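What follows is one structure encoded as structure tokens, with my remarks underneath.
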Amino acid sequence: MGLMSDTRPTLFVSDLHLPPETSPLRQRFLRFLDGPAREAAAVYILGDLFESWIGDDIGLLQYAPEVAALSALTARGIPVYFQHGNRDFIVGRDFFDLTGIAELPDPHRVDLHGTPTLVSHGDLYCTDDRAYQRWRRFSRIRFAQRVFLMLPRARRERIAGGLRSGSDRAKQNKAENIMDVNPGAIRGGMAQAGVRRIIHGHTHRPGTYDVELPIGAAQRIVLPDWRDDSCDYLRIDADGITRQAAPA
């Protein structure tokens, strides 16, 4: 997965939270796939592409335009890589088989134009939020996922809606700092991977942050979340890193 010799840019997005109903966000993503993504060496989707995914049997129909556009992109020979987020952790094998997208473990090390980089959705490093980490571990249990997928659609929709509402309420009662990444967890993850750069999403706090490692100065890059008035992606090439707006 090394991209050192490719002069084309590598693109990153995360936290688009595309809703199942028609929305401007979905149109912007389709234009992104039909525009900048076609000129890329690779596209990385680092979690929470979808606001809710309650099973491939339903999601593939709800998001049929996006599935078709992603399939068309990979058919052109452009690799697309996907990490699960906390909203779409149950995206399954049918999605990957149909779209031709490669599923990535979280975290994952990749060489980006000569720079070893760790990529992650980011929630793994929010270790101060212990209640969330307990939920995260439970939600990744395969047996629990299989039981959920056996439920009728209406039941799954109610459960997903209740979880989103509960998450929103919980955020209102949590200190801001515990919903951000833990600096020690970030340093530990980067040191273990042997990198000086990490790219992640999840926190909705986009920017570039300095990290001090035993081997020297390092970088933590947080991807922008998408909103109706701001739909940005990260572009990385041999000349550096830029934040760009998806075609309106």
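Quick reminder: no glycine exception, Cβ is built from N, Cα and C everywhere.
Features of the protein shown, as given by TrEMBL:
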DOMAIN    9-206  domain 'Calcineurin-like phosphoesterase'
BINDING   D15, H17, D48, H204  Mn(2+) 1 binding site
BINDING   D48, N86, H121, H202  Mn(2+) 2 binding site
BINDING   N86, R87, D129, S167, K171, K174, H202  substrate binding site
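A distance of 8 Å separates the Cα atom of H121 (Mn(2+) 2 binding site) from that of D48 (Mn(2+) 1 binding site). Distance from the CA of H202 (Mn(2+) 2 binding site) to the CA of D129 (substrate binding site) is 13 Å.
Rounded to a whole number, the distance between the Cα atoms of H17 (Mn(2+) 1 binding site) and R87 (substrate binding site) is 8 Å. If you check the binding-site residues D15, D48, S167, K171, K174 against H202 (Mn(2+) 2 binding site), the ones with a Cα inside 10 Å of its Cα are D15, D48. Other C-beta atoms found within 10 angstroms of the C-beta of R87 (substrate binding site) number 24, with every protein chain shown included. In the shown protein chains, 26 other C-beta atoms lie within 10 A of the C-beta of H202 (Mn(2+) 2 binding site). Sequence-distant contacts (6 or more apart, same chain, Cβ under 8 Å) of K174 (substrate binding site) comprise D129. Rounded to a whole number, the C-alpha distance linking D15 (Mn(2+) 1 binding site) with N86 (Mn(2+) 2 binding site) is 10 angstrom.
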